[in-house]
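Visitor: Shown below is the structure under consideration.
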Amino acid sequence: MLARSTWHRMTAIVTGFWIIVLVASVAGQLILPNPRWYLIHVSGLGVAGASILIWTWHFADALTRSKQSQPHQIIRLALQSVGTLVLAGALATTGMAGVVLGVLGSLMVCAAFVWHSWALRRAMGAAFVSPGAVTLRYHLAGGIIFIIGALVGLIMTIDVTSFELAQSWWPALYENHDAMALVHVFAMVLGFIGMTVLGTIVTFGPTVGRTRMSAQSLRWAGRALPVLISAIVVGAAASLAGLPVVAGIAAGVWVVAAIVGVLWPVFKTWRGSMLGVGDGWTIGAGLIWLVAGCAVWAVQLALAPDAQEARSVSGGTYAIFLAAGALQLILGSLTYLLPVVAGGGPAMLRQSIEFLERTGALRFFVLNGAMVLALMPFPLHVHNILLGAAGLTALMSFVLVLMAVVRQKRPESKPSETSRPAQERGPRPMPDPHLKSGAAIAAALLLAVTAGGYGVQSVAGPGTSDNQNAPVTEVDVTVSGMSFVPSQIKVPAGNRLIVNFENTGDQRHDLVFDNGAETGPVPTGETATVDAGIIEESTEGWCSMVGHRQMGMTLDVIATGTANSHDSDSASGPSNGLPNLPTMAELSADPGEQFVPWDAALDPAPEETVHHVSLDVEEVEKEVAPGRTQTVWTFNGQTPGPVLRGKVGDRFVVELTNNGSMGHSIDFHAGDVSPDEPMRTIEPGESLTYEFTANRSGIWMYHCSTSPMSVHIANGMYGAVIIDPPGLEPVDEEYVLIQGEQYWSSDLTEGTDADAVAYGTPSAVTFNGYPFQYDHEPLSAQAGDRVRMWVLDAGPNLPLSFHVVGTQFDTVWSEGDYLIDHSEDSGSQTLGLLAAQGGFVEFSPHQAGSYTIVNHAMSNAERGAHGKLVVVDN
């Protein structure tokens, strides 16, 4: 077994590594994909987590007079550190790779703390337990609560890294992501860090103050323990129940219990003593930051109307409170503990204390001053400079502690004759000159850093013109979902464009222009200003985060007063001949007020064997997607047209009347007829009768067959005829979904861009005529229901790979034949259809949840072939 001094010098390397990672995280705030996550978790899970694993065993050994296995501690420390790094990698990754890394990292960290808590509980059963063992009960409570919080964090990691998996795996959890985030904070901050810190300070606080631990503080700490745990449990439960006010009250109770039951009795023992700045002052500041952060969070919770708002109001402010608190608690503790456990005798210890105190005040005021200033409403780059100053100061403090320990162990290192003799008792007084000069130098440094930050232009694009006298157009741009608001701005040609960008979204974004001007990454809730230069011609801006531009984060800058200005405010396509490709954010936005979902529910086939049907061709103005109203060619005013249903042998008599402005026709795939007469094109005002007998079962397409047929179909002229297969069994729920494509023209009166149809580049892909409509108005079923979905690919161009996330099809009927029929040991994941093909699938969802319906050619799903089936318990 290693000597105590050697052991702690070795484990200090781990803490030092995490402090370096924290400084790197602060420096990388502009490039990390989720900077707040890294700031919070590197300080809380990395720095604090490693320190807690190391030093709780220092106290366990001291309070139980037992020696724990050092190899076991090393393994646990490795699991925690490697797991945290893997988890950090998961947050920088998406898709299944991110899920795998997230699960692996979370399980490694959980394993470390499960083992840690079990070993701690065994140690508490030792023959000798000090009266100060209340500290160990706090440590054990913190470890157990950590495990719960880590499991919640694992679920949230899956939500963040894989949207589709999160929805299919456990939709109810995905839909309560914000509530889970609040539970995670209760467990990890108030539970893990809070309980561990409070338990430690009960016995360690008087030691740092060079005074005696009072019996009263032990009694008060014991009484506060159940109150603190109860507050965490109630707060977490209230968060899950959607009661942020109750959660805020619970957090407030925790803060009061922490102050009254633990901190105030300890602070009373410090009265009349002079704490060292490097240890006592730093620990005290860390406690104040941590408790103040929890108090601020409690107020924010109590004032928030819902979990989403409660989560969003915390933001970067809370990250600063947590980082400042956890970091200083660890630095102050190490400043006291490492020299003590390093050995070398009282004189050498005294020399180390004097060495550290020499710059203690300067480092203390710089770190805390920078953190206070970082809470001020400064520009983003100034915030980052201040956080960087705090991080570098913390790293410098840790390096100085290590230097002191190394000097302390050198045989040739002896205290100088001028060194003051060690006092027998009481804290070493802090020399006034060091305190005053440290505060003065820190104030000057922080003033210089802040002023220097303002002196640095936050952005300077290469396209910025030298003409400083040009008129200025200044606009404000925000974020909604995955879109800039506004998404189009007009600037007089020759004006300088200044954009004030506020990230009101839920993740990091930036704004980059064609000429290279950019804001740099902007965290949620932050602002940045970019000078886009002199606008001589129309240009474009976009978010450069991976995938964001493709999802619709573009900003059109229209130069007015030029030959190619675009002054129309109507929805229009680009003028360069490219297809009109709206973003996923635009396609999935909330529908207009007049939106009525196309009813996908199917009635059983009627009993009559002869069906008389009237179909009127109508050209109507219709909302075909959010924000897009255009002329649509329809049968009976709807797209798709009416669904006809019958049985094999039924006869259909269809009266077609053309009330449009051009020639139209109809072609029923469900009948065997000569096309010459019934499928002919009729002019406006004319009618024809189309008769056919349904000799074969299937879901058959009907459509306008007037040339160009592709354009007529794309503009809405299609529908379905369902002829039941003989012996088709009844089911609990039956739906029909018809995939169609939209190719938007810049001319809203035409509706469809014929060139885009020819190239096969749709603006939207829909189920039943409107993109994402069943995300807004989901289909429904009950758990255990037998569900049948009839599916038709109306085209005109794209195939359909029909899939319902979270289900397996035990029955698949495609183009007139069963591929599988009520199978118990085999199944299908998709029904693959080419244009004009159809079939049906059957399945039984056994659990309540939100089941996503998609075309598994995912780019088509992201263009609108997407919906939900919401299953509820019986």
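Just so you know, glycine gets a Cβ as well, placed from its N, Cα and C.
Copied straight from TrEMBL:
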type	residues	note
TRANSMEM	12-32	transmembrane segment
TRANSMEM	38-62	transmembrane segment
TRANSMEM	74-93	transmembrane segment
TRANSMEM	140-161	transmembrane segment
TRANSMEM	181-204	transmembrane segment
TRANSMEM	224-243	transmembrane segment
TRANSMEM	249-267	transmembrane segment
TRANSMEM	279-298	transmembrane segment
TRANSMEM	318-339	transmembrane segment
TRANSMEM	360-379	transmembrane segment
TRANSMEM	385-406	transmembrane segment
REGION	411-434	region 'Disordered'
TRANSMEM	438-456	transmembrane segment
DOMAIN	465-531	domain 'EfeO-type cupredoxin-like'
COMPBIAS	562-578	compositional bias 'Polar residues'
REGION	562-581	region 'Disordered'
DOMAIN	619-726	domain 'Plastocyanin-like'
BINDING	His664, His669, His703, Cys704, His712, Met717, His856	Cu cation binding site
Visitor: Rank the binding-site residues His664, His856 by the number of other Cβ atoms within 10 Å of each Cβ and report the first-ranked residue.
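Guide: Going through His664, His856 one by one, the largest Cβ count within 10 Å is at His664.
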Visitor: Please identify, from the binding-site residues His669, His703, His712, the residue with the sparsest Cβ neighbourhood, meaning fewest other Cβ atoms within 10 angstroms.
Guide: His669
Visitor: Relative to the Cβ position of Met717 (Cu cation binding site), how many further Cβ atoms are located within 10 Å?
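Guide: Excluding its own Cβ, the number within 10 Å is 28.
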Visitor: Given the cut-off of 8 Å on Cβ pairs that are 6 or more apart in sequence, determine whether the transmembrane segment (140-161) and the transmembrane segment (318-339) share at least 3 such pairs.
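Guide: Contact between the transmembrane segment (318-339) and the transmembrane segment (140-161): absent, because fewer than 3 Cβ pairs are under 8 Å.
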Visitor: Tally every other Cβ atom lying within 10 Å of the Cβ atom of Cys704 (Cu cation binding site).
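Guide: Counting Cβ neighbours of Cys704 (Cu cation binding site) within 10 Å gives 28.
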Visitor: Sort out the residues at least 6 away from either end of the transmembrane segment (181-204), same chain, that have Cβ-Cβ distances under 8 Å to it, and list them.
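Guide: Same-chain residues near the transmembrane segment (181-204) but 6 or more away: 44-45, 48, 52, 55-56, 59, 63, 132, 134-139, 141-143, 145-146, 148-150, 152-153, 156, 213, 217-218, 221, 224, 228-229, 231-232, 235-236, 239-240, 244, 247, 250-251, 254, 258, 262-263, 266, 283, 287, 290, 293-294, 297, 301, 307, 310-311, 314, 322, 326, 329, 333.
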Visitor: Can you tell me whether DSSP puts His712 (Cu cation binding site) in helix, strand or coil?
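Guide: SS state of His712 (Cu cation binding site) = helix.
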Visitor: Residue counts in helix (H, G, I), strand (E, B) and coil for the domain 'Plastocyanin-like' (619-726), per DSSP?
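Guide: Across the domain 'Plastocyanin-like' (619-726), the residues distribute as 6 helix, 52 strand, 50 coil.
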Visitor: Could you give the residue numbers and ranges of same-chain residues that sit at least 6 residues beyond the transmembrane segment (38-62) on either side and whose C-beta is under 8 angstroms from one of its C-beta atoms?
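Guide: Beyond its ends, the transmembrane segment (38-62) has Cβ neighbours at 8, 11, 14-15, 18-19, 21-22, 25-26, 28-29, 32, 68, 73, 76-77, 80-81, 84, 87-88, 91, 109, 112, 116, 120, 123-124, 130, 135-136, 139, 142, 188-189, 192-193, 196, 200, 203-204, 316, 318-319, 322-323, 326-327, 329-330, 333-334, 337, 341, 387.
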Visitor: Same chain, outside the transmembrane segment (318-339) by at least 6, Cβ under 8 Å from its Cβ: which residues?
Guide: 8-9, 12, 15, 19, 22, 36, 39-40, 43-44, 47-48, 51, 55, 58, 189, 193, 197, 200, 204, 207-208, 276, 278-294, 296-297, 349, 352-353, 356, 367-368, 371, 374-375, 387, 390, 394, 397-398, 401-402, 404-405, 408
Visitor: Please spell out the DSSP helix, strand and coil residue counts for the domain 'EfeO-type cupredoxin-like' (465-531).
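Guide: The domain 'EfeO-type cupredoxin-like' (465-531) comes out at 0 helix, 34 strand, 33 coil.
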Visitor: Which of the three DSSP-derived classes (helix, strand, coil) applies to His856 (Cu cation binding site)?
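Guide: In the DSSP reduction, His856 (Cu cation binding site) maps to coil.
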